[in-house]
There are 4 protein chains.
Amino acid sequence: MENANRDLLVIGGHEFSSRLLTGTGKFSSKRLIAPMLAASGSSMITVALRRVDPGAAREENILSHIPDSVTLLPNTSGAGTAEEAVRIARIAREAGCGNFIKIEVIPDMLYLLPDNHETLKATEILAKEGFIVLPYVLPDPVVSRQLHDAGAAAVMPLGSPIGTNRGLEQQPMIERIIETAKLPVIIDAGIGQPSQAAQAMEMGADAVLVNTAIATSENPVMAGRAFSLAVQAGRMAWLARTGLREKYARASSPLTGFLT
Amino acid sequence: MENANRDLLVIGGHEFSSRLLTGTGKFSSKRLIAPMLAASGSSMITVALRRVDPGAAREENILSHIPDSVTLLPNTSGAGTAEEAVRIARIAREAGCGNFIKIEVIPDMLYLLPDNHETLKATEILAKEGFIVLPYVLPDPVVSRQLHDAGAAAVMPLGSPIGTNRGLEQQPMIERIIETAKLPVIIDAGIGQPSQAAQAMEMGADAVLVNTAIATSENPVMAGRAFSLAVQAGRMAWLARTGLREKYARASSPLTGFLT
Amino acid sequence: MENANRDLLVIGGHEFSSRLLTGTGKFSSKRLIAPMLAASGSSMITVALRRVDPGAAREENILSHIPDSVTLLPNTSGAGTAEEAVRIARIAREAGCGNFIKIEVIPDMLYLLPDNHETLKATEILAKEGFIVLPYVLPDPVVSRQLHDAGAAAVMPLGSPIGTNRGLEQQPMIERIIETAKLPVIIDAGIGQPSQAAQAMEMGADAVLVNTAIATSENPVMAGRAFSLAVQAGRMAWLARTGLREKYARASSPLTGFLT
Amino acid sequence: MENANRDLLVIGGHEFSSRLLTGTGKFSSKRLIAPMLAASGSSMITVALRRVDPGAAREENILSHIPDSVTLLPNTSGAGTAEEAVRIARIAREAGCGNFIKIEVIPDMLYLLPDNHETLKATEILAKEGFIVLPYVLPDPVVSRQLHDAGAAAVMPLGSPIGTNRGLEQQPMIERIIETAKLPVIIDAGIGQPSQAAQAMEMGADAVLVNTAIATSENPVMAGRAFSLAVQAGRMAWLARTGLREKYARASSPLTGFLT
C-alpha cells in the first residue's frame, strides 16, 4: 500500500497526489464543484478560459469554487486554429491562471474532434514561451512523438469523442502511444464509467481526465468518489501486475481426490 | 456517500458490508490470506472442503487464517455430479463450516465448466435441508429462474472460465439474468482485472467473487485492495447512474464566442 | 477451388451442397421464398409445423413454395416442454415432412431462449425413434457433449437471441463447442449480417442458419445471395487458413533503399 | 441482383467492376499473382515502385504478371516524408505506371503507421500535377476532409496496422469518416479475414484493399476468391439494408396455439 501512496503523477516537474483530473463543465450548479473535488481527491481541474471572469461576483466566478490546493488547468476551448489557441493561452496566463495549459483545437463541430497538426503547432509555440503544455489529440503514435519533440509536458489522447461516454474506443492506438511515448499519457474524453477509467490505468496510462460522466450523473459527488476509487484500483492493479489472460481454465480449488 | 455505506448485500437473510467475495485458492502462502482480507474488506470467503483439515496444525489449517468476522462459504469443488455435491455439503456443515454452501459441479476437465442441470438438482436437495445455497453456473436465464424456484439464495454465473482472467465474456446472458432473476446475482470466475469487477457492478450485479486474479498477482494484498475499490466504484456508479452512451459528441466546454 | 466444391456438409448421413440453412418465417410474401432459395443455393430450410397445412390451397400451403431439391427441416416451434416437442415431431413425420427435426423448446417469452435440459430429453427420445435430430440450444459445451451421447445428428447453438441480429455474442462458448463437439455445429439465431455468417465459418462452424436477417431485409433475394456468398467466403478462408493475428505490423511492401 | 451488377466503384472518373483491391507483396511466388487476380476478379492492384524493374527478365518483372485489364496502383512505399513520396510518384509515372498513385509516408518502423500531415502535403502537390491520388492514413475525420480539399480522389484509412490481420480496430473513426467524407472510402491494411472485409462493406465503405491475408494464406488463389465473395456479400447487404440490431428477441416461427 505504501508504494502506491508514494506513486505520484509528475507533469512538468510538478507532483500530483491524484491521477484523476476533473473538469468544470456541465455541472447543474457550480456549488457541486467543491464537494466533488473533496470527494474525489482530484488535484488538477480544467476550466475553459471563457468561464473565467475575474470581475464577476464571487458566486458566479468559477475560480472561487476551486480550492487553492487544486491546480488549475486552463484550456483553449473555442479555438479552431493554432493561432487562436496560442492567443487564449497567453490571455489565461496574464489573467493569473498559471503556466499549465491544455490545448484544444477543434474545427469539427459534429464530432468535436481535434486537429492534431494545428495542436502540434500551438504546442511548439507555447512550450517555447515557458508554458507547461498538455495537448489534447486524436490518438496517433506518430503525432505523439512529434509532440514530445515540440516540448509537450504530457499527451492527452481521447478515449472516444467528448461527451459520448463510449470509453476506450481508441484502445489500440492508445496502447501503442503508451508503449512508445516518452511523456505521461493522460486519457481525456469519452470515459463514461469507472470501469473504463480503471481499464485505462490497467493499460498503463498515467492519469485520466473525467468531466461529463461526473458532472451529468444523478449524484456528481458520489460519481467523483467512484471515479477516484476506480483510478486508484486500476493503478494498483498495474503495479501489482494482476490478470494475465489465459486461454484455458485453471482451477482455483482442488478438483480431484476430495474424499479419499 | 452515506447511502452507499448503508447499501448492504443481503444473502439468505444475512447482511454483508462488502460486495467483494474472495477465495482461498492459489495463494503462494496461506499467510497472505489474512492481510488480503484486511486490505480488501471482503466479508465472505470461499474455501474448498478438501482444504479444511480440522486436525491439522494451526499453521496448516486454512480456517485459522480466516478471521471470525468473515463468513465462510464452503464450496463443493471436486464434485462431478449432484450426488457428490450433496455429500460434500453435508460433510462441510457437520465439520462446523456453517449453512452457506457454494455448489460447484464440474464434469468438464478442459474448460472446468459447470453442469447446470446437476447443479440445479443439488440446489433443490440442499435448500430443502436448510442450506443457504449459492449455485455456480454457466449463465443461462432459464436455469436462473429454475434455481430461484428450487430455493437458491443467490445465483453465481461465471464471467468466463475459471482462472482465465478473460472478464465478462458472458456479458449478454449475465445482463439478461440481472434483468429477470429474483435473486442476488454474484459474478464468479473469470474476473481478472479491477475494471472488469467494476463493470460487473455497473451492469447491476449485486457482488463479485475474485480469487485467481488476487492470489496470483505479484502483490495479493495490494490486488485485494484494488478489487475492493473497483467494486465500490462500480456500485457507486450504478447508484449515481453515470455514463449513458451517446452517439455524437457533446462539448463539456463552451465552443463559440470566446473572445467577443 | 475444386476442394471447396467437394467440401460437402454431412448431417445424419445426408450430403448438402450448401452450408447456409434458411427459414420460412417473417417473409412479407410467401412468393419470395422460392427465388430466395434459388439465389442463395440453400439446400435445407426450416419450417414450423404450424405453418404446414396440407389441406390449404396451393398458394397458401408453404410447402408448395419449397422445391423438392431442398430438404425440409420441420421445427418444434411452440413447444415449451420436451413432451410437447416430441408430439410435434411425430405429427410432422406423419404429415410427410420426413425424418429431420429441429428441436426448439422455448419456455421463455421475453428472450425466447431455449430450455437446454428439456431439449436434451426430447433429443434422446426422438433419436431412438429414428429421427435425425438437430437440437437448438444456448451454447453450453457440457450440454453439447450430452447431446452427442443422446444421439443428436448436429448441435445448433444460438449466436445471440433469435431475431436480434446481434451476431456472435456467444462466440467464446461456441468456440469451445467447436473444439470439443463430435458433431456438426450449426450456428442458429442472431446472425444479422453476412460478415457474422462469414465469421462463424472462419471459426470452424460447419454451417449457419439465417432466417430473420434475410426475410426482413429490403430485398430478401439479394440478401439470400449475400449470405450465401459470405458463408462460402468464410468456409474458404477456414480451408485456406487465412489471417493469423499479429501484434506488430509487418510491411507488405519494401520499406528501405528504394532509390539506391 | 442486376442492381448489384451495375453498382460500380468510381475513382477519379474511372470505373471498376470489383470493390476488392489487391496487392503484390509477400507472395511466395510471383506466379500466384495472375491466378489470384483471376479468381478474385480484382480490377486494381497496388505495387511498390521498388518492385517495378522494366529492365528485368520477363519472369522477374512483376508487371508481366499483371494482366492489362487490371489497373496498376503504384505506391510510394519506402517514403518517410512528403518530398520522398512526391519523387517516387513522379518516377512511377515516368516509368509508365499511369496516373494513379497510392501515397504511403511511413516514418514509424515499429507499427508502420503513416504520417498523416506529410501525406496531406504530398497529396496536395501530386493532385495539382494531375495524379489520381489515393492517400493511406490513420483514420482521422478532420484529416479526411482536408484530403478532399487537397484534391484526393479517395481516402484509404487503415483498419489496423499493416500485416496484423487485426481487422477493423479503427471502426469508430472509420464510421465517422464514411459519414462525413465526400470521397470514396477504401479500407486498407489490417483486414485478415473475409468477415472483416464484409463488415467494412456493410458499414458503407466503398472498397477494401487486401494484400497480406491473401498472399500469406496457405492457398492464395482460394483466399482471393474468398475475399472477393465477402466483399460482394457485404456490399449486397448494405444495398439490401439487412440486419438492424434488436435488444429483445423476436420469434421467426409462431410460438403459440400450435395444436389447437
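Counting starts with 1 at the first residue shown.
A Cβ is built for glycine as well, from the same backbone N, Cα and C atoms used for every other residue.
The record from TrEMBL ties A:ALA189, A:GLY190, A:ASN211, A:THR212 to 1-deoxy-D-xylulose 5-phosphate, and of the options A:GLY98, A:GLY130, A:GLY151, A:GLY163 it ties A:GLY163 to that site too.
Each of the binding-site residues A:GLY163, A:GLY190 was assessed for Cβ neighbours inside 10 Å, and the highest tally belongs to A:GLY190. Proximity to chain B (Cβ-Cβ under 8 A) holds for A:GLY163, A:THR212 out of the recorded positions A:LYS102, A:GLY163, A:THR212. Cα separation, A:ALA189 (1-deoxy-D-xylulose 5-phosphate binding site) to A:LYS102 (active site, schiff-base intermediate with DXP), rounded: 13 Å. Among the binding-site residues A:GLY163, A:GLY190, A:ASN211, A:THR212, the residue whose Cα lies closest in space to that of A:LYS102 (active site, schiff-base intermediate with DXP) is A:ASN211.
The DSSP secondary structure for A:LYS102 (active site, schiff-base intermediate with DXP) is strand.
Averaged across the domain 'Thiazole synthase ThiG' (A:11-254), pLDDT for the predicted model comes to 91.
Cβ neighbour count for A:THR212 (1-deoxy-D-xylulose 5-phosphate binding site): 25 (other Cβ atoms within 10 Å of its Cβ, all protein chains included). Within the same chain, residues at least 6 positions away in sequence whose Cβ sits under 8 Å from that of A:ASN211 (1-deoxy-D-xylulose 5-phosphate binding site) are A:THR22, A:GLY23, A:THR24, A:GLY25, A:LYS26, A:THR46.
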